[in-house]
Amino acid sequence: MKLRTKAKALRGRLRVPGDKSISHRAVIFGAIAEGQTVIHGLLRGQDVLATIQAFRDLGVTIYESADSLIIEGRGFKGLKPAQKPLDMGNSGTSMRLLAGLLAAQDFSVQLFGDDSLSRRPMDRITIPLSLMGAELSGQGEKELPPLIVKGCQGLRPIHYQLPVASAQVKSAILLAALQTQGETVILEKELTRNHTEEMIEQFGGKLSVAGKQISIKGPQRLQGQTLQIPGDLSSAAFWLAAGLIVPGSDLVLENVGINPTRTGLLEVIEKMGGQLSYQAVDKDIQTATLKVSYSTLKGIEISGDLIPRLIDELPVIALLATQAQGTTYIRDAQELRVKETDRIQAVTDVLGQMGADIQATEDGMVIRGKTPLHGAAVSTCGDHRIGMMTAIAALLVEEGQVTLERAEAILTSYPDFFKDLERLWHD
């Protein structure tokens, strides 16, 4: 695919699609709650569609209305054995959260995915779930997919310290614990996104959170709800970056989720000197309208407990760093190596081929700016965030063409990405 280059300015207002993390969880909790759940603003990207289809295969009635998704919840005990293996597509969230949920059922199921997902480690969930008494088996030492889950209704509670900062692992344990007699305690290494904890309470469940410790007693019953999904900050990140680095740009992004466990990017933008302002802040539903303008940026260090709060935004932050004066250091981000692709290597390869002064390290990157970018032939590596980062980088290119292979990966989380780019384009 040939990407747009030589952007003069991006201007306008935009509503980004619904939050991917929250959309997954809304579907999951709607399916296991009792009664009807109505979801407005759901992301209809390929990852979330994989979660929806999985629950249909598990006997849950899910249908669309004009502007919402309606789920006829079956409760924890109402799921039915799937007649075939469940296809998770490219979605690590789907596989890990469903593994936790299905570990406590009374039937077995196989979860599989595409080539990218089949290279992602599942031992991080099989270890704690096995300690609870579940039987899960993958391929090799890292328990790579396909993953066989042999349900066990007699799971036992555990006290577990997460070895990695992972909301997916935490969520898998919580979904199993909701069906387990007794109290399960999870101690996080670093605070991670808390959408699962919030949704448990939203659906009438109970848990307690004290700093990095989460305690939950099971079994519990959940009740169907009506939900409004906020816009995805991880999708908004690409437009925020474009507004900051394309000269003459001025963008307003409406209804963006600003859950504090996800707003590391906004803090980084401010530290780099970006012109960012908040409008129409709604603290109850944690959304805001964000306004950005072209800015002179400076290099900074990004590390420590900030990393889990912006892990998905690090590719586009690396792009920002190529246009910042000075050196940016990204550290403690080794988790990037086990995403849809090795994002440290992919970001370094793509931006390096386009002329950036960027170096991969074991746990991050070193980027020296400011550098002009030029045309190149690159690939998404099957990773939606690499694809969108490249499309924004291409806007700065004045010489040569940028061609992007496997651009369809962007459909994973942002089906209308290129349509929205055209809406904001100003000659």
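Note that Cβ sites are derived from N, Cα and C of the backbone, with glycine treated the same way.
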Annotated companion of K20, R120, Q168, R343, R385 at the phosphoenolpyruvate site, Swiss-Prot, chosen from G89, G92, G204, G364: G92
Number of other Cβ atoms within 10 Å of the Cβ of S21 (3-phosphoshikimate binding site) across all protein chains: 26
Cβ packing number for R343 (phosphoenolpyruvate binding site), 10 Å threshold: 25
Cβ contacts of G92 (phosphoenolpyruvate binding site) (under 8 Å, same chain, 6 or more positions away): L117, R120, Q168, K339, E340
Listed in sequence order, residues with CB under 8 A of D312 (active site, proton acceptor) and six or more positions away: S234, A237, R385
